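Here the structure is laid out as structure tokens; the discussion comes afterwards.
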Amino acid sequence: MDSQWAKESNLPRILGITGTIHGIALICVGLRVYARMRLLRTPGPDDAAIVVASLLALGGYICFILQGYHGLGRHTKVIPKEDILVFEKIAFCQAIISAIGALGMLKISIALFLLRLSKNRWYSRSLWALIVFVILYTIGAWLTFFLRCRPMAAFWNPALGGSCYSIHLFKNFALANTGFNIGTDVLCATLPIPIVWSLQMSQRTRAYIIGILSLGYLAVAMGITKSVFQLQLVSNRDKTFENSIQFWGFLQLNVGVIAATIPTLKPLLKKAGLSTSGDRYNQFDRQAQNTIGSGMKTPRSRMLYSNTMHAETDQLGYEMSKGFNTSIRGGTTPVYSNQNERSGSEDTILEQVVVEPRGIKRTTEVVIGEAR
């Protein structure tokens with residue numbers, strides 16, 4: 001055995017890359033919590049779910065560190081048997097905590113967040129169905145680990161004897177779980193597109209919001225890469241050196257956390273003076289006020305419109321005024337609506353525009369002019 005080969009260690013690369021991405025994810029979650037609790041004071045169940053997901057991900061990274069003391073990053077052939085047993089036991093715990101549990105909580109958080117976008121019936125029902133599906137396949141994934149061997153400890157210590165179902169069947173279960181995660185990532189990134197595209201805003205703004213929501217496709221790419229290594233599960237005899245399945249799975253999780261958190265950081269950008277969305281809204285104001293009432297434009301009417309809108313915008317950093325309706329060329333259209341629900345992401349700026357008013361509608365035209 002080549003002594004140089006035996007001394008090789010991939011541990012710094014594994015811990016360095018996963019630690020960096022995980023650190024960014026934790027920072028993003030911390031900023032999200034600050035924005036929702038301190039700036040907006042509107043924390044929701046989606047925030048709680050992603051906090052749980054990030055804590056479970058932290059548990060997964062701790063597992064990487066612990067595995068580093070028992071052969072992670074080294075060639076399997078040079079690792080003592082007792083270390084291999086501990087390594088496998090930690091890998092079992094990591095799968096339960098982060099690879100399955102954290103990913104499930106992340107998907108639930110994303111779905112709850114997307115529910116803020118619209119009250120459309122098919123859209124809401126689709127997301128609730130997605131949440132139920134995630135819960136079911138997450139429980140199923142846990143069972144594939146807990147029930148694989150009897151006694152369960154035989155999972156990481158074959159010397160105990162007992163009975164385990166085939167490694168090939170276990171691989172198929174793992175691939176199915178990865179496929180479900182990839183599919184739900186695609187759904188979470190795709191479902192909001194028709195809703196956002198129907199909003200009354202510029203095409204550039206719609207494309208920007210859809211682009212933010214589409215960051216989830218990065219997690220899809222990570223999941224596909226992970227599945228490639230899962231196909232090699234049986235034939236790989238040196239899995240401790242690269243630890244590819246756990247490595248890419250952990251990146252998939254944390255990239256998903258980052259992608260799910262970025263849309264909620266709008267208030268922080270606004271506070272830091274890095275947001276330009278206010279200019280787009282001001283432009284929208286100017287376009288709308290030209291058609292208020294009979295179309296007569298006066299300095300006073302322009303001032304009243306601007307003050308009404310910006311009072312709420314200044315308070316929240318991005319939200320629109322409550323229940324403000326304008327009469328535009330003979331009809332009433334709800335330009336901004338809040339419905340007592342405030343959210344911290346740009347993609348919910350005009351969320352209630354898609355809510356259709358019901359019942360009898362009365363239109364009153366008011367023309368404000370200057371006395372002569």
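Using the three backbone atoms N, Cα and C, a Cβ is placed for every residue, glycine included.
Just so you know, TrEMBL annotations never went through curation; they're auto-generated.
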Per TrEMBL record, range annotated transmembrane segment [choices 158-178, 179-199]
179-199
Mean predicted confidence [pLDDT] for the domain 'Rhodopsin' (31-271):
91
